[in-house]
Amino acid sequence: MLNRLQLRGRSISKYFHSIAQARPSASVDLYIPNGAENIFGIRDKIDEESILNTPSPFVADKAKSLFEKYKLGENDQFSFVELTLGKRIKLTHDTYLFKLDFPEEDKDLVMGTDIARAIRFFKVLPTKENPEGIMIKRYYTTSSPVDMKGSVEVPIKIYRANENSEFSEGGVMTTYLENMRLGDKILVNGPIERLQYYGNGLVRTGEKGPYDIVKKNHLAFVVGGSGITPYYRIIKDALENGDPTKFTLIYSNRTEDDFIFGDELEELALLYPHKFTYKKAITNPLNHENLEDVHIGRLTPEYLLEHLPAPNENVLVANMGPKSFNRFFANFILRHTSYDPITQVFSRDVDSLIF
């Protein structure tokens with residue numbers, strides 16, 4: 001089993017909460033039992049039977065299959081696990097899929113992160129302000145299936161020096177990650193509680209309790225760059241497991257070479273045309289061939305209004321992307337639409353403007 005590490009005098013436990021958590025507490029996932037459609041601000045203890053009756057064909061089935069095979073850990077800021085880089089696969093010119101392996105004796109375990117959950121990476125690295133080194137923490141979303149054993153996969157965009165206006169000197173953590181050697185180790189913890197999708201339209205939003213879990217029949221995602229990561233996994237798992245929910249994805253990138261999971265998204269749109277609408281936007285295309293159905297330039301309020309579902313109580317719109325992209329989305333929602341920012345939108349940038 002993993003070595004027990006020590007940090008700030010606290011013993012560090014094993015892996016993370018999983019969708020099979022049987023003994024919820026104040027900091028644990030909340031599951032909707034018995035087909036309930038709306039729960040607002042409730043955090044009750046829910047027994048094992050209720051969890052396994054969660055109204056989602058794929059989440060519940062995977063929970064049952066993993067229930068006795070996963071070593072539960074703590075979900076707090078002091079709980080860490082050390083993982084080993086087993087493989088690094090190039091997805092685009094600046095994005096890699098990092099496969100992080102468990103120790104050999106833990107190869108039959110699963111990570112315990114459910115769909116679209118982020119984890120934290122920790123590493124002491126030198127910076128311009130602290131050349132001797134300082135603990136760096138970054139958040140990344142897993143993309144591997146929840147039932148993958150022995151490892152976890154994390155797609156990460158690399159911010160190199162002089163390639164991005166928001167990271168002119170390069171990303172401290174991603175520069176290190178790009179130069180990791182196979183066999184190198186890194187500390188991670190989590191999962192981080194953001195938007196969670198349980199299947200069949202059941203969505204939990206928020207990062208700190210109390211939480212709202214609501215049922216929607218149409219989820220729309222407006223994303224830029226590496227912000228696709230959590231929503232790709234939600235869309236893929238839902239479509240491939242018979243989820244009746246409809247999805248709209250508007251995905252913006254600088255060039256056509258920047259689309260992470262681009263081929264996979266195109267294939268899903270072809271396979272599920274009645275359930276998945278996929279729209280692309282390219283700010284600076286490398287060429288203008290075969291771009292008839294692509295929005296050229298930055299996203300505009302007019303384009304979003306044309307392609308997003310009309311506001312109603314059965315719709316949830318969410319976003320993720322670079323800071324400037326998220327600010328644009330927040331202003332769009334509040335100034336150009338009639339979406340209810342509380343019940344029909346998931347966006348920390350929108351929340352920051354209204355609370």
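Placed from the backbone N, Cα and C atoms, the Cβ positions cover glycine too.
Keep in mind that TrEMBL annotations are predicted by a computer and have not been checked by a curator.
In sequence order, ASP94, THR95, THR174, GLY225, SER226, ILE260 are the residues of the chain that are 6 or more apart from LYS157 (FAD binding site) and have a CB within less than 8 Å of its CB. The FAD binding site feature in TrEMBL is assigned to ARG138, TYR140, LYS157, MET173, THR229.
Taken from TrEMBL, the feature domain 'FAD-binding FR-type' applies to 78-198. Across all of the domain 'FAD-binding FR-type' (78-198), the predicted model scores a mean pLDDT of 85.
DSSP gives ARG138 (FAD binding site) a strand state. Fewest other C-beta atoms within 10 angstroms, among the binding-site residues ARG138, TYR140, MET173, THR229, are seen around ARG138.
Among the residues ARG138, TYR140, LYS157, MET173, THR229 said to bind FAD, no two Cα atoms are farther apart than 18 Å.
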